[in-house]
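Inspection log for the structure reproduced underneath, given as C-alpha cells.
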C-alpha cells in the first residue's frame, strides 16, 4: 500500500516537473488578464475604425455590412433552399418553415465533397461544381421544376451592397479558385445556373457562415445578437446600430456586421503576442501575412502550431530524445481532433501515446505529459484571445444600449468549440473575468449555418410582404402636392362661404368675427387680469402693461387643473370652478378688492356680437359641460362671480386663443396679422378686410376673423383624404362627426390615429409579436410629448424602446422602427394639412390687397408646433410650396394667448376711453 502511494507520488511529482518545464519554455504564449484587456481595447479601436468611412480603407478589421437588418420573429413561412459553402464539405438543405405547425422548421440535407483540385482550380469550376451538387439534390427531392428561393452561406470575406449582392474580397480556408476574387458571387452562381439550363433558382440572400449561425439562433431566442464561429476558421458578427455605421444608410434600426476579425493584426499590431511558431507557420501557409489572428486561434492552424512546437522542442532535445519522424514534419498528419483527444481529462495521456505512436514517435511517459501540456497552452491561448475579442463586441453592445449591465445571447458554432473537451469552459471563464458586467447566454448551433441562410431568406420574404402591406396602409396618409393644392382650394371655398351672409349657415368654416379691429399702438397702460381656458389646464394671469419710451409687460400667473368630471358636468359647476380659481389667484397676489378689467381667452367656437359677448357654438377638446352651448360665456362668468359674492370683475373682452396668440406676437412684431394654434386643438385667425365680412356692419379698416377651421370637412368635403383610421378615431371622439380637420391635425388626436394603426399592424402580426396588450387598447396613451420624443432625430432606437416600455409596450428593435415610421407618416400629414390651410389664409390676404407679393408674419402657439421635432419644418415647407408669392415668417408665442387677452383688454379699455372723450 505504501509502495503504491510512493509510486503515485513519484509520478505526480514527475508530471508536475514536466508541466513546469513546458510552462517555462512556452511562457510567452501564456497571456495575462492585463494583456487580454489590452487586446480587447485594440480590437475595440479596430472595430470603430472599420465602421468609419474615413478609416475603413486602412482598417485591418473590415467590419463588413451584411444588409441583414432583422432576425426571425417566428412568423416566417415558406419553402427554401440553403447552400452552405465554407470548407472541404459542402452542404445543401431544403428548409420548410411554417410557424403554425408543431415542427415549425423541417429540414432535409445532403453533404457533398469539394475536392482539392476544385478548391484550387478556377472560379467557374468551383461554381459549376456547386450547381452540379444542387441539381443532384433537387433531383433527389423532386423539386427541380420549382423555382425556390435560395439562401447562400458563403463563408469568405465579401463586400456587400445589398443582401443579394456580395463581392468576394479574398479567399480563406485554403480556397484559391482563380478569377473569383473581386466578382459578384451571385452573378457567378447565376452564370453557372444558365450554363446548366436544367433548373432555375432565385438567389435571395448571401450571408457569411457567422451571420447564418446568429440568424439560426434568432428564431429560438430573440436576445441573440452575436454569432461566433470557432472551428476550422474563426469569425464573429453582431447587430450594430445603424447610427454607428458611417456609410450613410440611415440612423434607424440595426444591421448585422461581419467583423472578419481573423484579419486582426495583419498590420503588425499583434506582433508583441505572436511568437516564433506563429511566424514560422505563416511562411508556409497559403496566404502568408494574412489572417494573423485566425492563425493563432482557429482549429485549422492550431494543429500546426502544436506540431511546430513539438518539432522545435524535439530538435532542442526536450522531447522524444531529440528524434523527429517524417510524419511529425508533415503538415496534416497531426490534426485538431488529436489536440482535443489529448486534452481529455481521463484518457488524454492514453490518447497521446496512441497518436504519437501513429506519428512514428518513440515516446516516454514524460513526453506524453509534455505533449498534453503543449496542447493545453496552445488551445488555452486560443480561448483567451477569442474571449478578449468577443469581450470587445459585448462592451460595444453595452455602450450602444447605454445600459450598466448587458444581457445577450451568443450563438456558437465550430468544431473546436463543440468537440474540444476544455475549450468552451476556459473560454467562458476568461470572458466572465474580462467583462463582468455582461450576462451572456451561449447557445450551440445544432443545425449549422445552412439553416441560418434559409432563415435570412425567409425573413427577407416576410419583410418584403410586410413592407408591401405596410406601405399600402400608409400610402393613404401620404399626400401629393396636387392633393394639398386641392385641400387649399376647398378650404378657400369654405372661407368665402363663411364670410358671406347668405352662405354662412352652410359653411363648415364659420369665419367668426372677433370684433377686434385694432392691435396695440404702444399707449396702453395699466393692470389687467386674464383667463386662459382651452384645455385640461387653465391659467389666471395678472398682466402689468407700462407705456412710455420703453414699453414693458410684466406677467404673473398660476395654473389650475380642471377635473374631467367638471369638464363634462354642468355649466354652472364649470364656471363656479373657474371663479373659485380666480378667487384663489386674487388672494395669492393680494389684489382682491378693486374691480379690475379682465380679458377672457375662451378657446372654443363662439358667435360674437361684440368684443365682450360670445355665444358658445359647440364644445371641442373633450369639454361637454351642459347648459353652455347657445349661451353667452361672458354672462355665464359674470353670473358665477355674482354667486360667489367675493369680488367683481370688468369683463372687457372675450377672445379665442388663436386671436390672443396673434395679439401677443403683434405686440412684438407689427407685421403679425395671422394667428395659428397647433396643440391640443388647431385653429387659425387673420385680419380680414371689413368689406368682406358681411356678418358685421361697416366697410372700413379690418377685423380679426376667428376661422374655427377645425370644422373644415364636417360637410364631407374632405372625405376623400380621410382614412379608415380617421373615421375610427372620429367615431370614438366626444363630438363624433365634428372637427374633422382638427382631428387630422391636432395633438389630442394624432396619438389616437397612431394607436389605431399600431393595433391594425399588430393584428396582422407586424408588431409586438401579434399580441395586442392592454396598454395598446387604452385610448389616449400616445400623448403629443411621446410622439415628439419618438420622432426626435437625436433619439436612438434603444430610447424609443424605452419610451414604448414606459407606455407598457414591450418592443423589439424592428417594432421600434415601425412605430417611429407610423408616427412620422401621421405627423407629416398633419403638418402638410396645416400648411395647406395656412397657404389658403396668406393667399387670401395677398389677393385682398391686390399685391404681387405679400410679406406677413404668423404668430404661432401650441405644444405640437413647439415640441415636435419635424412638424414646424414640414409645415413651413408646405406653405412655401403652396403659396410661392407670399413670404411668410413664423413667430413663436412665448407668453401664450393669456397675454394676448390682456393686451386686447388694454386696447379695449383704451378705445373705450377714447370713445368716452369723443
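Note that Cβ sites are derived from N, Cα and C of the backbone, with glycine treated the same way.
Annotation source Swiss-Prot lists ATP 1 binding site at 30, 84, 85, 86, 87, 88, 89, 425, 426, citing similarity to another entry. The feature D-glucose 6-phosphate 1 binding site is assigned by Swiss-Prot to 84, 85, 86, 87, 88, 89, 90, 91, 209, 232, 413, 414, 415. For 155, 172, 173, 208, 209, 235, 260, 291, 292, 293, 294, the entry in Swiss-Prot reads D-glucose 1 binding site. Marked as ATP 2 binding site by Swiss-Prot: 532-537, 680, 747-748, 784-788, 863-867. If you look up Swiss-Prot, you'll see 532, 533, 534, 535, 536, 657, 680, 861, 862, 863, 897 marked as D-glucose 6-phosphate 2 binding site, on the strength of similarity to another entry. Per Swiss-Prot, D-glucose 2 binding site is recorded for 603, 604, 620, 621, 656, 657, 682, 683, 708, 742, and the stated evidence type is similarity to another entry. Taken from Swiss-Prot, the feature N-acetylmethionine covers 1. The region 'Mitochondrial-binding peptide (MBP)' annotation in Swiss-Prot covers 1-10. As annotated by Swiss-Prot, region 'Hexokinase large subdomain 1' applies to 208-447. Taken from Swiss-Prot, the feature region 'Hexokinase large subdomain 2' covers 656-895.
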Residue among the binding-site residues 30, 173, 292, 426 whose Cβ has the most other Cβ atoms within 10 Å: 292
For D-glucose 1, whose listed binding residues are 155, 172, 173, 208, 209, 235, 260, 291, 292, 293, 294, the greatest C-alpha pairwise distance in Å: 20
Neighbours of residue 85 (ATP 1 binding site) among the binding-site residues 173, 413, 787, 867 (Cα to Cα, within 10 Å): none
Secondary structure of residue 88 (D-glucose 6-phosphate 1 binding site) (DSSP, helix/strand/coil): coil
Nearest of the binding-site residues (88, 294, 864) to residue 426 (ATP 1 binding site), judged by Cα-Cα distance: 294
Overall pLDDT of the region 'Hexokinase large subdomain 2' (656-895), taken as the mean: 89
Listed binding-site residues (415, 536), ranked by Cβ neighbours within 10 Å, top entry: 415
Between residue 784 (ATP 2 binding site) and residue 30 (ATP 1 binding site): CA-CA distance (Å): 59
Other C-beta atoms that fall within 10 angstroms of the C-beta of residue 784 (ATP 2 binding site): 24
Subset of binding-site residues (87, 88, 708, 787, 867) lying within 10 A of residue 173 (D-glucose 1 binding site), CA to CA, in sequence order: 87, 88
Fewest other Cβ within 10 angstroms of its own Cβ, chosen from the binding-site residues 84, 209, 294, 532: 294
Most distant Cα pair in Å, residues 30, 84, 85, 86, 87, 88, 89, 425, 426 binding ATP 1: 36
For D-glucose 2, whose listed binding residues are 603, 604, 620, 621, 656, 657, 682, 683, 708, 742, the greatest C-alpha pairwise distance in Å: 16
Listed binding-site residues 292, 415, 656, 682, 867, filtered to Cα within 10 Å of residue 87 (ATP 1 binding site): none
Most Cβ neighbours inside 10 Å, all chains, among the binding-site residues 86, 87: 86
Assigned conformation of residue 294 (D-glucose 1 binding site) - DSSP reduced to three states: helix
Neighbourhood of residue 89 (ATP 1 binding site) by C-beta distance under 8 A, where only residues 6 or more apart in the same chain count: 111, 112, 113, 114
Listed binding-site residues among 155, 260, 620, 682 whose Cα sits within 10 Å of residue 84 (D-glucose 6-phosphate 1 binding site): 155
Secondary structure of residue 415 (D-glucose 6-phosphate 1 binding site) (DSSP, helix/strand/coil): helix
